[in-house]
């Protein structure tokens, strides 16, 4: 045990091993500002001289500790390890120990850290240029141009500025500024002081303030710059308007890509002329929408009267998205069965290209009968819908406009052209019509059929067909048939001749009695069918024949 | 040899999906700017697909896995703001990367300008949006005042660090390949993929 010379306190040492006389460095801390990486510590014992320190480092890929060049056996209590060319996003481990002679203290290991995370944003560099009522800023990002720490952040810094008048009141004004920017609304011939610091929003890093710089604004310029720039738009053009105190001036306007503002450095040469706004005599200028593709731009205006030119006006930010104009839609009407179908189409630009309208649009449709004045309004999101239950054969008119109805942002287009269309006859009358037509056809068919039947009847009655059926033809000759058919009307009469006279009369009386039997016989035996049919007449002839026969017997 | 039809086909599908998912962004706590933000973001994504005429097959050989950090895209993000900030960070880095483009012949000047303008717009809206939220957030004000106190407030922003490392890999890749045409093509496709996945995560988060 050793008695410590200081104040009588006893320091108990642990095992007397090699290198354990010394205590490790205390209060070891890492300070990183921009690219300067410094390890600081304090020796355990300020009064002991001839103590040196060494620092080692370790990176993830290599397992061993590596001696930090320039920080071996140094007497100072800090070490700059900026030159290590570390990847600032990788973990690093450091350790430090004290040495005296042959004794070494135990290593003090610093918790592993990521340089980028530990890094503090240093002060930016500020250059100033004075105008009469404004100060032009030129801010260089923290660190050097080849900064390793901020290599990926050169355009990511956002800057905030504090400015005040150097006089007694010193009211401070804070603004967020671009690397190349202007502070407006200052008074001429006044001293202003300001300081700027950079910020990385996502990493929650706030930088150190730059040293305060002061500047005097100049004498007031003869010609003030144009003020109060407003940018409006209509369907085809953008209109820039501004105010100016004096008459008879000519103006010109320039524009700049918005994104260029994020880059430090000069872009005075990047401003471009607005061709339609060169040397305009009025305090406004109009240029077509096609000049700018979608994006954010800055616009500035300058006045001149031949001899003198004013300074540039305030740079007005101009966003085509916010200035967007909704064009009125195209309407197509189609009358269908007593209702009206409406098609809302996308508007077309003059060159017949259909316009890209990606916002969700709501349509306000005005709808009225042509003859009446009352209009009904409905809001619709669909582009294809139908008005039902309309009066048939009436003319209805429709006009519509497109709206964007979002929180805090209302925009509407102009009304489209009015389109009118007559509704078709209604459902019921139409069905009647169809029914009527069908019935008429049926009736016609029926009439035709009836007429055909009648005609056949008439034909049958008055103009019969004279042809007998063919079966009959087979059995009868044509001639016989004719006779049979025709003999109904005319009959042939046979002539009878008496052959015997009176002698025969008595015989005839007897024979009369016998004749009666003969008559019977005659009637029975008469074979002549044809003669039978006319019995009265033929029997006479038959009798005569019998008499003849009797006579012969 | 151009694989343009394939690339376009591959792009249309995610672009459409993003279009559908874009509505997810609208509900995050920013005011009407969200409408513009979503529109602009989608347009930028589309532009990233369209700005190149052809993706040569030979460039595929130089393809490298950049290992987009999946934790950022996980749906277990407790705070919606985290992913919006991640998106802001990705937008800034993409903006920085495209600002370095000097290879004149491959991409048309107007497309390059448009993507820079578009990303600038996206950044502008995101910044305004985050600023608004910050003003509402009392905690942030305390940090603003303590300018000298360096980030002992190690609120673990590890997800952002991972994102940074990812973009650092992309940056180094470009430098290694000396900003060749193929390197730019690969980077363009990679950034598009990153945006798409971030937007998808935002939309999915919103549904929770």
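For all residues, glycine too, the Cβ spot is worked out from N, Cα and C.
The model shown is predicted, which means the values in this text are computed figures rather than measured ones.
Residues annotated as disulfide bond in TrEMBL: A:71-A:79, A:193-A:214, A:277-A:285, A:397-A:420. Taken from TrEMBL, the feature domain 'Fibronectin type-III' covers A:325-426. According to TrEMBL, the feature transmembrane segment maps to A:432-455. What TrEMBL records for A:457 is S-palmitoyl cysteine. Marked as region 'Disordered' by TrEMBL: A:515-553. Sequence annotations record features per position, and here TrEMBL assigns ubiquitin cross-link to A:519, A:520. The compositional bias 'Polar residues' annotation in TrEMBL covers A:522-533.
Shown here: features listed in TrEMBL, placed on the structure.
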residue	record	DSSP (3 states)
A:71	disulfide bond	coil
A:79	disulfide bond	strand
A:193	disulfide bond	strand
A:214	disulfide bond	strand
A:277	disulfide bond	helix
A:285	disulfide bond	strand
A:397	disulfide bond	strand
A:420	disulfide bond	strand
A:457	S-palmitoyl cysteine	helix
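Residues 425 of the same chain sit 6 or more residues outside the transmembrane segment (A:432-455) yet have a Cβ under 8 Å from a Cβ within it. Around the Cβ of residue A:397 (disulfide bond), the number of neighbouring Cβ atoms within 10 Å comes to 16. Put simply, of the disulfide-bonded residues A:71, A:285, A:397, the one whose Cα is nearest the Cα of residue A:214 (disulfide bond) is A:285. By neighbour count, meaning other C-beta atoms within 10 Å, the densest spot among the disulfide-bonded residues A:193, A:214, A:285, A:420 is A:285. Here the Cα atom of residue A:420 (disulfide bond) is found 61 Å from that of residue A:457 (S-palmitoyl cysteine). Listed in sequence order, A:39, A:53, A:54, A:55, A:79, A:80, A:81 are the same-chain residues six or more apart from residue A:71 (disulfide bond) with CB atoms under 8 A from its CB. Residue A:193 (disulfide bond) and residue A:277 (disulfide bond) have their C-alpha atoms 36 Å apart, to the nearest angstrom. Within 10 Å of its Cβ, the residue among the recorded positions A:79, A:277, A:457 with the fewest other Cβ atoms is A:457. The shortest Cα-Cα distance from residue A:397 (disulfide bond) to any of the recorded positions (A:277, A:285, A:457) is found for A:285.
For the domain 'Fibronectin type-III' (A:325-426), the model gives a mean pLDDT of 79.
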